[in-house]
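Engineer: The structure under discussion is supplied below as structure tokens; questions concerning it will follow.
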Amino acid sequence: MDSLRKMQPVKRIALVAHDNKKADLLDWVTYNKTVLASHKLIATGTTGTLLEKILHVPVKKLMSGPLGGDQQLGAMIAEGKLDIILFFWDPMMAQAHDSDVKALLRIAVAWNIVIACNRSTADFVLTSLLMEEEHAISIPDYSGYLNRMKE
Ligand SMILES: O=C(CO)COP(=O)(O)O
């Protein structure tokens, strides 16, 4: 049976953009500055450095995406340390670290994390009434998988 995890009113939001999408993310962040500043922000290295210049609030910066930052985010998701990921990934260019990108997208879905991969979805996420409230999300039940070798 699925269990529940409470998201607090202050959400832990990861912001990530591939190089060709950084301008788009920065523009979106500038527009949504006030709302974003009321949450806890995390970002991959380069994205985070650019965000701090605009937001003037602390952003927890991980490694740069291709150097392990995407995997760090994946680990945070698996450990229940992230609520939302806004990932402006580039659909028109292969990345050197495509395997890491795929792993991040997969683990976000596996743990039922809120994930927006483009600006329209990010708009809907940020304007959701649930952003300001405590909200319980279900954690999928993987006990069948975990116990598969025990019988
Ligand atoms: O490559 C990224 C995500 O896959 C983003 O990394 P940077 O923010 O370090 O550019």
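From the backbone N, Cα and C atoms, a Cβ is placed for every residue, glycine too.
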Engineer: Among His56, His97, indicate the single residue that TrEMBL lists for the substrate site containing His18, Lys22, Thr44, Gly45, Thr46, Thr47, Ser64, Gly65.
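Structural biologist: For the substrate site that includes His18, Lys22, Thr44, Gly45, Thr46, Thr47, Ser64, Gly65, TrEMBL also lists His97.
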Engineer: Please name the residue among the binding-site residues His18, His97 whose C-beta has the most neighbouring C-beta atoms within 10 angstroms.
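Structural biologist: Of His18, His97, the one with the most crowded Cβ is His18.
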Engineer: Here are the binding-site residues: Thr44, Thr46, Ser64. Which has the lowest count of other Cβ atoms within 10 Å?
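Structural biologist: Minimum Cβ neighbour count within 10 Å, taken over the binding-site residues Thr44, Thr46, Ser64, occurs at Ser64.
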Engineer: Counting only residues 6+ away in sequence within the same chain, which have a CB under 8 Å from the CB of Asp70 (active site, proton donor/acceptor)?
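Structural biologist: Set apart from Asp70 (active site, proton donor/acceptor) by at least 6 residues yet with Cβ under 8 Å, we have Val16, Thr44, His97, Asp100, Val101, Ala103, Leu104.
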Engineer: DSSP helix, strand and coil counts for the domain 'MGS-like' (5-151)?
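Structural biologist: Taking the domain 'MGS-like' (5-151) as a whole: 71 helix, 28 strand, 48 coil.
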Engineer: As a test of reading the model: what is the averaged pLDDT for the domain 'MGS-like' (5-151)?
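Structural biologist: Residues in the domain 'MGS-like' (5-151) carry a mean pLDDT of 97 in this prediction.
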